[in-house]
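> Questions regarding the structure given below will be posed in turn.
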Amino acid sequence: MAILFAVVARGTTILAKHAWCGGNFLEVTEQILAKIPSENNKLTYSHGNYLFHYICQDRIVYLCITDDDFERSRAFNFLNEIKKRFQTTYGSRAQTALPYAMNSEFSSVLAAQLKHHSENKGLDKVMETQAQVDELKGIMVRNIDLVAQRGERLELLIDKTENLVDSSVTFKTTSRNLARAMCMKNLKLTIIIIIISVVFIYIIVSPLCGGFTWPNCVKK
């Protein structure tokens, strides 16, 4: 399983985000962010088959969405790493930044860390201290009901095939570029062979025609 979505926000103002796959993440995230108090806190919300983990510090919320069987320790390791990198990079600028002001830069950081913490299953066993384990025990898990603006019950809808489609497009593009490169390589090789053949024929025929200017073979 993987971390499906990550976002950094100030209250309900999203500053940066990244999604591992397709889904109505923003619609659901807006509902979650509206329920998070502004004081420093750590909490996990449970909704259906998904968990919403967050750390709120200095009014900045670091939140990620995972499957319900994804280890919470790994999720909070991810959030702590994101928090550290975000604070180091932006500091107090985040307190007055406009929506998505950091997205162009920080979304790539979210993507890299999301991939890293999703794939390294042994990460929490190697890096966690006992203090981190004890801290995790103090982070509550609460069930949460989400309601859309229409008043309907809001469910998190995820399309993991979008990630597969992106991978397929990347593979096709790479294959196309490789084929084009091979074609150019073969064309260059063919041209070189033709040039060498012409030079070789010229050298062989020149003595028979009286020299390099072919005086005996070319009519004046």
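Each Cβ is built from the backbone N, Cα and C atoms, and glycine gets one as well.
Here Swiss-Prot flags Ala2 as N-acetylalanine, drawing on similarity to another entry. If you look up Swiss-Prot, you'll see 2-188 marked as topological domain 'Cytoplasmic', on the strength of sequence analysis. If you look up Swiss-Prot, you'll see 7-110 marked as domain 'Longin'. Summarising the annotation, Swiss-Prot assigns domain 'v-SNARE coiled-coil homology' to 125-185. The phosphoserine annotation in Swiss-Prot covers Ser167, Ser168. Annotation comment: Swiss-Prot describes 189-209 as transmembrane segment.
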> Write out the long-range same-chain contacts of Ala2 (N-acetylalanine), meaning residues 6 or more apart in sequence whose Cβ is under 8 Å from its Cβ.
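Non-local contacts for Ala2 (N-acetylalanine): Trp20, Thr66, Asp67, Phe70, Leu114, Ser118.
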> Roughly where does the topological domain 'Cytoplasmic' (2-188) sit in mean pLDDT, to the nearest integer?
77
